[in-house]
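S.K.: Have a look at this one.
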Amino acid sequence: MDFPYDLNALFPERISVLDSNLSAGRKAHGRPDPLPQVTTVIDELGKASSKAQQLPAPITSAAKLQANRHHLYLLKDGEQNGGRGVIVGFLKVGYKKLFLLDQRGAHLETEPLCVLDFYVTETLQRHGYGSELFDFMLKHKQVEPAQMAYDRPSPKFLSFLEKRYDLRNSVPQVNNFVVFAGFFQSRSAVQLRKVPPRKPEGEIKPYSLMEREVVREEQRVLPWPFVRPGGPPHSPPLLPSSPQSRSLSVGSSPSRAPLRPAAATVLQQGQTPSSPLNDSCRAKRTSSLNRSRLSFH
């Protein structure tokens, strides 16, 4: 893939390693900022890779590389395109936290180095460029192909791994990553945890929801003296105990004050509640009335 500017000035090495800084070397004094051109190269490579893999959207871009701790290995041929160079392909790797299953069903939580995207220009495939790029990454990361995980590898990529690195027996996973049998050989038994079998889902009874509602209602306690209709009456709250009746010894129960039900007074129509003051006033008015009546006789 060629571009309308000198790629040798952007990427001085045959294989350049880019990280979130998007810089493959030192910025030359007096030259314009190479970041816009590097961004264009990465974005166009990501689009070409997604088109070759028939993906709905690119998984490699300059913005995504800046936002993650990934490494992009970019391979060029500096003699092509009139000495300005062409991009042959790229390989993107990064560490991912994964939950994997081995051949026995044991569960492993690990964070391996993963191949996230791999692309070689269609016209330059089957010339050994892919092997050169992949071998450079393995040496740079000091890792074996079987120790890595592969994110949604295409059939062509799986054929490349089998032919070049003898990776044949993949272990089925519940996610989009592919690992091979050798991946679990370097993991200790402490890292492996047997996954408990899932409980069979039983049929939900039609009255189970009603029963749960009844239990939930029974757990609610209304404040005294509001008593639930149809239910057993709740005891009235305890009166605060006097200092003499409160127990201070460890292990003894506090004494309860005796309950004194208040007597209800029923008033007939026309009656008013009586009190000593009212009775005294009524007696005085009656005595005065009697004396006034005697004076007229």
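Positions of Cβ are set from backbone N, Cα and C atoms, glycine also.
So Swiss-Prot lists the following for this protein:
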- 118-131, 154-163: acetyl-CoA binding site (BINDING)
- 230-240: compositional bias 'Pro residues' (COMPBIAS)
- 241-264: compositional bias 'Low complexity' (COMPBIAS)
- 266-278: compositional bias 'Polar residues' (COMPBIAS)
- 286-297: compositional bias 'Polar residues' (COMPBIAS)
- 1-184: domain 'N-acetyltransferase' (DOMAIN)
- 226-297: region 'Disordered' (REGION)
- Q53: site 'Crucial for catalytic activity' (SITE)
S.K.: Give the distance between the Cα atoms of G130 (acetyl-CoA binding site) and Q53 (site 'Crucial for catalytic activity'), rounded to the nearest whole Å.
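M.R.: Roughly 16 Å, rounded to the nearest whole number.
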S.K.: Near Q53 (site 'Crucial for catalytic activity'), which residues of its chain come within a Cβ-Cβ distance under 8 Å, counting only those 6 or more away in sequence?
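M.R.: The answer is S154.
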S.K.: Counting only other Cβ atoms and using a 10 Å cut-off, which of the binding-site residues G130, P155 scores lowest?
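M.R.: Per-residue Cβ counts within 10 Å for the binding-site residues G130, P155 bottom out at P155.
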S.K.: Including all protein chains displayed, how many Cβ atoms other than that of H127 (acetyl-CoA binding site) lie within 10 Å of its Cβ?
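M.R.: Step by step: centre on the Cβ of H127 (acetyl-CoA binding site), count other Cβ atoms within 10 Å, giving 12.
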S.K.: Please work out the number of neighbouring Cβ atoms within 10 Å of the Cβ of L158 (acetyl-CoA binding site), leaving out its own Cβ.
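M.R.: The answer is 15 other Cβ atoms.
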S.K.: Return the residue, from the listed binding-site residues L124, L161, with the maximum count of other C-beta atoms within 10 angstroms of its C-beta.
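M.R.: Sorting the candidates by Cβ neighbours within 10 Å, the top entry is L161.
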S.K.: Within 10 Å of the Cβ of F118 (acetyl-CoA binding site), how many other Cβ atoms can you find? Include all protein chains, please.
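M.R.: Result for F118 (acetyl-CoA binding site): 26 neighbouring Cβ atoms inside 10 Å.
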